[in-house]
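Under the heading active site, proton donor, Swiss-Prot lists C75. Taken from Swiss-Prot, the feature active site, proton acceptor applies to C219, supported by sequence analysis. Here Swiss-Prot flags N13, Q46, N66, G76, N77, N159, N192, E210, R211, G220, T221 as substrate binding site, drawing on sequence analysis. The site 'Important for dimerization' annotation in Swiss-Prot covers F270.
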Amino acid sequence: MLIDFSKMHGLGNDFMVVDGVTQKVFFSNDVIKKLADRHFGIGFDQLLLVEPPYDPELDFHYRIFNADGSEVEQCGNGARCFARFVRLKGLINRDRIAVSTARGRISLQLEGENQVTVNMGVPQFEPGKIPFRAQKAEKTYLLRAQEHTVMCGVVSMGNPHCVIEVPSVADAPVETLGAIMERHERFPERVNVGFMEMVNATEIRLRVFERGVGETLACGTGACAAAVIGISQGKLKERVTVSLPGGKLTIAWKGPGQPVYMTGPAEHVFDGQIEL
């Protein structure tokens, strides 16, 4: 069976995007792993699947699969590419798009010059909603992981994030400590690990080790999580520029109970077909 797809990226965080509205598709874990292989497949960080809405009040349902085949709840860079994809493919003729994910609803707004603003929803600090094993919510936690002792902030942006402040992201042990923290026993669903360097009150540098993927050039939910942690700790202002290896995102958050807004690019690379 031939499947149409598009290759897209948000700041180098790359995706295979598939229309599951006009074509019937099913992807097993093994198939996703093969497609994700950068030597023998298409190559991507995540596969994004556009499905008909589960709720008639919404436009689409948004599913995300990591390169290891695992399904995850949210992907911010993917959300921007999702919005541009459905518009490019004529699946919708509006610039404001409402979708559901495994963890709730998000709204997408197409802007000019391939920019998309995403309402990422309200961040969750309650341990049970992250999920994270702790008796109560704290602004920082001290975690021990093998020979490391880590001070971090923990939050859910629809998926779990652990944010570690470092003096320099260039020297941060992203691959080693990221892999250890991803599977820390206090995160029952594993965790995305961000390494954040404070530049000033309106700018940070960030590298992210994504669960099920490893380090990526950009992570939208990771950028949101880092900004939210910095703002909640009183170190950052309400609007933050996040510099990632793949480029920059703008994150805005007014505080507890308020949604996080992320603005950044979504690029279409090519269209293709593949036999499944």
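Backbone N, Cα and C define each Cβ position, glycine as well.
Within the same chain, residues at least 6 positions away in sequence whose Cβ sits under 8 Å from that of C219 (active site, proton acceptor) are N13, G76, N77, N192, G194, L206, V208, E210, L244. Its own atom aside, the Cβ of N66 (substrate binding site) has 22 Cβ atoms within 10 angstroms in the protein chains shown. One way to see the shell of the substrate site is to take the Cβ centroid of N13, Q46, N66, G76, N77, N159, N192, E210, R211, G220, T221; the remaining same-chain residues with a Cβ within 8 Å of it are D45, I64, V72, Q74, C75, G78, V208, V213, T216, C219, G222.
For the binding site of substrate, formed by N13, Q46, N66, G76, N77, N159, N192, E210, R211, G220, T221 according to the record, the largest Cα to Cα distance is 17 Å, rounded to a whole number. The most crowded of the binding-site residues listed here (N13, N77) is N77, judged by how many other CB atoms sit within 10 Å of its own CB. The sparsest Cβ neighbourhood within 10 Å, among the listed recorded positions (C75, N192, T221, F270), is found at F270. Nearest by CA distance to the residue listed as 'active site, proton donor', out of the recorded positions R211, T221, F270, is T221. A distance of 27 Å separates the Cα atom of R211 (substrate binding site) from that of F270 (site 'Important for dimerization').
Rounded to the nearest whole angstrom, the C-alpha distance between T221 (substrate binding site) and F270 (site 'Important for dimerization') is 25.
Secondary structure at F270 (site 'Important for dimerization'), as computed by DSSP, is strand. A distance of 20 Å separates the Cα atom of F270 (site 'Important for dimerization') from that of N66 (substrate binding site). In three-state terms derived from DSSP, R211 (substrate binding site) belongs to neither a helical nor a strand segment and is classed as coil.
Secondary structure at N77 (substrate binding site), as computed by DSSP, is helix. In this structure, T221 (substrate binding site) is part of a helix by DSSP.
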